[in-house]
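Listed in TrEMBL:
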- 12-30: transmembrane segment (TRANSMEM)
- 110-335: domain 'ABC transmembrane type-1' (DOMAIN)
- 114-133: transmembrane segment (TRANSMEM)
- 145-172: transmembrane segment (TRANSMEM)
- 213-231: transmembrane segment (TRANSMEM)
- 270-291: transmembrane segment (TRANSMEM)
- 317-342: transmembrane segment (TRANSMEM)
Amino acid sequence: MTTYLLRRLIQSIFVLLLSSAAIFALLNAVPGGPFAQLRLAGAGDKKSQVTQQDIARMEQLLGLRDENGNPIPIHIRYVNWLKKAIRGDWGKSWAVAQGQDVSFLLKSRLGNTILLMTSATIISLLFAIPAGIYSAVHQYSKFDYLLTTFTFFGIAMPVFWFGLMLIILFAFKFQEWGLPYFPTGDVVSLRAPQPGSLLYMLGAKPGSLTDRLVHLFLPSLVLSLLYMAGWSRYMRSSMLEVLRSDYVRTARAKGLSERVVILKHALRNALIPIVTIIVFQIPGIFGGAVLTETVFNWKGIGSLYVNALERSDWPVVMAYLFISAILVIVANLLADILYTFVDPRIRYS
């Protein structure tokens, strides 16, 4: 096992270096950049206060040019960036928060993303696993048909559409019907709650725990329902396959109760595909749900990434993609380790 993990770790380092080099090269090949509009303005407008020399000095400060003003080759810039990234220095933001450290930007958004993704993941697992097991054990029952309908709806449903529908219902329609209504977005309230709102009824102060939980409800509900749809379907399919196994038939033939057969013999092997899904949720906990964060104006890592892409803020984009690649590799290793605990038959050499 130790030899296998060391081999996988060495392979992962090479994969990470190749992926980071590819991402760095692709980002530098993209037309535009943070100074594209300034460069066009300086070239097309004779009255413009921005000169090409000013832009060259800016690029020099950002490490794009050397002391003599000559462009630095891309491979040298990549090596310089990689050395700093290993030390945790992701550079400074070009546009999203000009001049601020990228690490500070990521830390300021990471807590909100972890709160959203973790709550949605826990809620989904608490429903998806029992629902999938019950649906498999009671195949072709009314509950099974109901769950199948829900999963197809959830899988096919666009997340942005569902988010907007919840905002219309819980925020605007509830207010129209005279019911305590939810906020439409943000992480916390920016001002005192309005009379008639749920926050006002609960007496929540801006920035309090109650305020955060009420704001968390709608985006967490969107993600939970989407995750539940897919995960319950995976759990049902896996359990059905295990229930047809010979050792399950043998356990039933020995007179064991159905509860013991399901929970002690079948469940463990049926969880193997779910372990993969849960482990690969780790990169998502960092990366956030881009569409959900955008719809609900949730200040998380996902919305920061979208903002950085729109404004060609390559240091932020590069840090996001590089950390995501690390987490994907870690998730692969963690999945391999967890397999040995879930299924004792699996051994690595």
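Residue 1 is the first one shown; counting continues down the chain.
Every residue, even glycine, has its Cβ placed from backbone N, Cα and C.
Residues 147, 212, 216, 219-220, 223-224, 227-228, 231-236, 238-239, 262, 267, 270-271, 274, 278, 281, 284-286, 288-289, 292-293, 298, 300 of the same chain lie 6+ residues outside the transmembrane segment (114-133) yet bring a C-beta within less than 8 angstroms of a C-beta in it. As a quick check, the transmembrane segment (317-342) and the transmembrane segment (145-172) miss the bar of 3 or more Cβ pairs under 8 A, pairs 6 or more apart, so the two do not touch.
Contact count against the transmembrane segment (213-231) (Cβ pairs under 8 Å) is highest for 145-172, out of 12-30, 145-172, 270-291.
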